[in-house]
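Note sheet for the following structure.
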Amino acid sequence: MNYTISQDLFETLAAEIEVLKKERKAVILAHYYQRPEVQDIADFVGDSLQLSQQAANTDAEIIVFCGVHFMAESAAILSPNKVVILPDQKAGCPMADMVDAEGLRAYKKRVPEVQVVCYVNSSAEVKAESDICCTSSNAVKVVQSLQGDNVLFIPDENLGRYAAKILGRSLQFWPGYCKTHDRLSKEDIQQAKNEHPSAKVIVHPECREDICEAADYVGSTAGLIKYAQNSENQEFIVGTESGILHRLHQVCPEKKFYLASERLVCPNMKLTSLEKVRDALKNLSPRVTVKEEIRVKAKAALERMLAL
Ligand code: SF4
């Protein structure tokens with residue numbers, strides 16, 4: 001276990017959380033990029049798409065979302081009658097902050113009839129201004145579902161370019177990017193390959209175009225895990241956030257995984273600790289809510305994606 005706390009403290013906090021979770025009739029959802037100990041106390045660990053589906057389908061009255069703000073917002077959009085809690089309200093996503101509703105409205109005025117595909121890493125207000133959402137697992141499928149060339153992909157330019165390339169389409173891009181994935185350089189990949197010549201390179205499409213081109217496989221976090229499980233290969237150089245290594249080691253204990261760069265750590269994803277999860281369950285805060293008129297519009301964009 002690569003816990004960032006001692007085993008004793010883990011057991012104490014996990015027991016406290018379990019009691020509170022039952023009392024509160026809560027479900028704990030965690031993203032693959034969360035700290036290992038947070039993943040291990042969650043009822044469900046997944047990527048953005050899986051987590052949004054879980055949030056939509058759960059019977060629990062309270063959703064504790066161990067991830068970043070836009071993810072908890074998506075849960076609040078899909079489950080308006082549930083209480084959605086984000087254990088650290090400072091856990092945001094710098095990429096999501098690179099587009100705002102005002103800027104998007106101005107773009108739509110400049111480019112009439114533009115169809116907007118919005119990566120889920122965005123605020124509820126931005127989703128409300130968009131035609132359809134996508135995640136990194138279904139971006140290609142979502143873009144494919146739209147006719148014509150007047151399509152804007154927001155906010156991740158790298159993911160948009162990846163989808164456009166696969167489909168041979170020309171899209172309009174918003175100049176946003178993930179500060180964690182965009183750090184990965186070709187030199188990092190080359191160095192990792194020199195150190196581990198038999199390893200397959202697997203990366204997330206939030207990485208830059210040249211990194212995706214140099215990889216053996218490009219996919220969402222769930223896609224990367226599946227690829228590693230099904231591959232005959234025994235070693236992998238992993239180009240996504242460090243938290244995924246925990247799940248990779250759990251599902252493929254006999255295989256070897258090397259992070260492509262030590263810098264692949266998202267500080268926002270690491271803000272959630274077990275203490276904060278416990279306190280959030282105790283106090284039922286910080287809560288994440290979305291104004292009703294924005295929620296209804298954002299839900300329509302998310303549902304168009306889920307229907308695909
Ligand atoms: S890894 Fe990138 S996209 Fe994900 S939350 Fe962190 S900054 Fe945002």
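Note: Cβ is positioned from N, Cα and C throughout, glycine not excepted.
TrEMBL entries are annotated by machine, without manual review.
Keep in mind the model is a prediction, meaning the values are calculated, not measured.
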Task: Candidate sharing the iminosuccinate site with His31, Ser48, Tyr119, Val120, Asn121, His204, Pro205, Glu206, Thr221 (per TrEMBL), from Ser136, Ser185, Ser231 - done: Ser136
- [ ] Taking TrEMBL at its word that Cys178, Cys266 bind [4Fe-4S] cluster, choose the one of Cys93, Cys118 listed for that site.
- [x] Cys93
Open item on the list: Among His31, Cys93, Asn121, Cys178, His204, Cys266, please name the binding-site residues whose Cβ is nearer than 6 Å to ligand 1.
Closed with: Cys93, Asn121, Cys178, Cys266
Task: Which same-chain residues, if any, lie at least 6 apart from Cys266 ([4Fe-4S] cluster binding site) yet have Cβ under 8 Å of it - done: Tyr33, Cys178, Lys179, Thr180, Glu241, Gly243
TODO: Please work out the number of neighbouring Cβ atoms within 10 Å of the Cβ of His31 (iminosuccinate binding site), leaving out its own Cβ.
DONE: 26
- [ ] Do me a favour and check the Cα-Cα span between Tyr119 (iminosuccinate binding site) and Cys93 ([4Fe-4S] cluster binding site); whole Å is fine.
- [x] 12
Task: Other residues, Cβ within 8 Å of Cys93, Cys178, Cys266 Cβ centroid ([4Fe-4S] cluster site) - done: Val68, Pro94, Met95, Ala96, Asn121, Lys179, Thr180, His181, Glu206, Glu241, Asn268, Met269
Task: Whole-number Å value for how far His204 (iminosuccinate binding site) lies from Cys93 ([4Fe-4S] cluster binding site) (Cα to Cα) - done: 16
